[in-house]
Amino acid sequence: MMEESAMSSASSSIGDAVSGRGEAGYDDEEDLFYIPEARPPLDTSQCHFVDPALSPAQSYQTMSSEGSAYVMEDGVDESSTRVELQRADSFSSSYSFDSDDCEKKTLKVHEKEGNPESLENLELIQDPAEIRHPCLTVKFTFQTLSETLKMLSEEELRTFKWTLWTYYQQIFSSSQNMDIVDIVDRLLERFSHEESVQITKTLLYKMGKQKEVEYITNMCIRNQVRYDLCNTLRKKYGALGGDLDMEEEKRPIDDLYVDLNVLSNTNNGPNIEHEVLTIPKPHTKQKQGVKLSVADILSLKMQEEFRTTLLLVAGVAGSGKSVLIRKLVRDWVEERAPTELAFVFPLAFRELRQFEGEDVSLVKIIHTLYPETTRLNKEDFSSYDCRMLFIFDGLDEYNEPLDFSNTMLISDPHDSGSLNVVIVNLLRGRLLYNSVGMFTSRKHIDAVIPWDTHYNELEVLGFCDPQKDEFFRKRFKDPSRVDRVIEYVKSVKTLHIMCHLPLFCSLVADECQRVFREQGSQAALPRSITYVYTKLLLELVRHRRKFRAPDLDPDKEQEFLLKLGKLALNWLEHRTFQIHKLDWPEISDKEAIMNSGLCMEYVVTPYVLCNEDTVSFLHPTIQEYLAALYAFLSFRNQEKNVFEHLKAKALRMFKGHKIMELYKAAVEKSLQYDGGNMNIFLRFLCGMALEKNQELLRIFCKSSAKVENLKDDVASLIRKKIKENPSSNRTGNLHQCLEELGV
């Protein structure tokens, strides 16, 4: 009979249960009110008066369970021996009545008073107060207890129900007809969360189910650690600096974050959109990648599909990789996406430097950076039911060699070795078990993951056009300013194109904010593009480079920029925007690609089964800017006119020629090209005549002296050339040069 009445746990879903009341749940200390469903009016037409019922002692002689009897003794006061014979889901248990038989708003409480059985009858193995914690919610408690009871066999579940009824006969009078959902639901209705957990653990302990008891204990510890970890991550990753120049301005990441263009493949090549030139798209991977959201990444669908534990997130400098990580961490903390991840541990490589020179393990690194995790069991880091995501942000900042052939192998996250040993083994896919290791890095052809290790790659490409507008709408709170900034950016096509980089968007917003702050909301926004590009150069070469390599000696820094700029000018004159890696000149590719981020690498496939490593500048306009910088610095530092070979031999006698000779030659050079090869180059060179740009570039100059009246002299030169060629279609760019000069 008992076997027929027992019900399987699958007969009802968690979502149908009373304790599955929603995501938020409720706390014991809070008042939970509900308005029950309307019931039909009470029909009193058939009511009869009856004599008072006998006392409980006379009505129910015994209440027994497996031979044990609960006998009501004569003479006991009725009021103290009331036996409640009603179902928890009946009308009488859900309603209270007034004189008009109307539904009333009833306070739902844990009805423990008056029960012949109470908590004192069952000696709990642990005081419920000891596990009281804000993380012990209805949702967690219900899921944990349900999963625990599912671990029991049918016979063990029947025994658990019988034991539960033995101690709480009134509450679980029909326990053998309950499934797992009903049992846990009734526990949470009648007892606190802490009591429900301890009752379940105690009964399982009495049944000899030590494994299930330990499971509940471990799940509660994990839940507490997760709660504390989430609080730490909220403080660390919950905000962004709204202005690169004003670090004290922090705003919640959700107020600033804009969806990034993340694709499920790499080697998508550079952004080649240009205001003047038509640049052929390189033959990169033919298959179009799938666009992914943060929720897609958190769901780990790709890892499930390809059975991988490694994920490489690549992207050029300023494309938004670190901001993507912040958003991913934030969404995990707030449970905004379904995921099987029990824990997420973001680890920046600049944080990992503190472990250089000592023996560490992956677990020790986690314990040091996140002390709350020391409460986790040793087995949690290698358990298949405790999946973790380890995020290593900035692999390109790690300068130690990655020797995948000779480095010591370790296989357990508790095994110790040098930091290099730990990182190499992680990149080999070891130490992770069922967890996932995510590495972010600037794109580089040299393998950062061994060829024989299976992994997935994503590429962060920055913003598409709609996201550019959304960025400025989120950045500026004043709607009138937002409209002005968006209109301004769209009116300068080169700025709008380069805003595909979130870093560049931020620099443009910084400059607009500075103008509004200093001159008011109605001030005219600058038309110069050179200033923002110079700020980008400083951000990449100075501020961000320091995380990747020691500061360069000023002389070596100037030498590097001059070499790179000379290459840029040479390519520009020949309308070249990419070369094979084998043809790369004697310039440090690590400095150009990884440290400064001014160049990028990718693979092209010009023919079937033919892959070629290719190098280009971050964007064609970066190439044009560096070419102009080379021309400007060559004259400032070496008094060298890079276009001197175009002049008559007679001019070479002027050893100390003025800088205007450079500008005259540059204008002549740009007018020689029908296709506009040198148009943007000339605009940048004219922009460098402005005093505020000279001030920024002073750190690259050997002499700090300003060139007086350079802006006016260049403007006069441009106007003269326009008058000489009034009908030429090439003078349009000269007018833009005047805009660049602000005249």
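Using N, Cα and C of the backbone, Cβ positions are placed for all residues, glycine too.
Automatic prediction, not curation, is the source of TrEMBL annotations.
Pulled from TrEMBL:
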type     : residues : note
REGION   : 1-24     : region 'Disordered'
COMPBIAS : 1-13     : compositional bias 'Low complexity'
DOMAIN   : 136-226  : domain 'Pyrin'
DOMAIN   : 309-397  : domain 'NACHT'
For the domain 'NACHT' (309-397), residues assigned helix / strand / coil by DSSP: 41 helix, 18 strand, 30 coil
Overall pLDDT of the domain 'Pyrin' (136-226), taken as the mean: 94
The domain 'Pyrin' (136-226): DSSP-derived helix, strand, coil residue counts: 72 helix, 0 strand, 19 coil
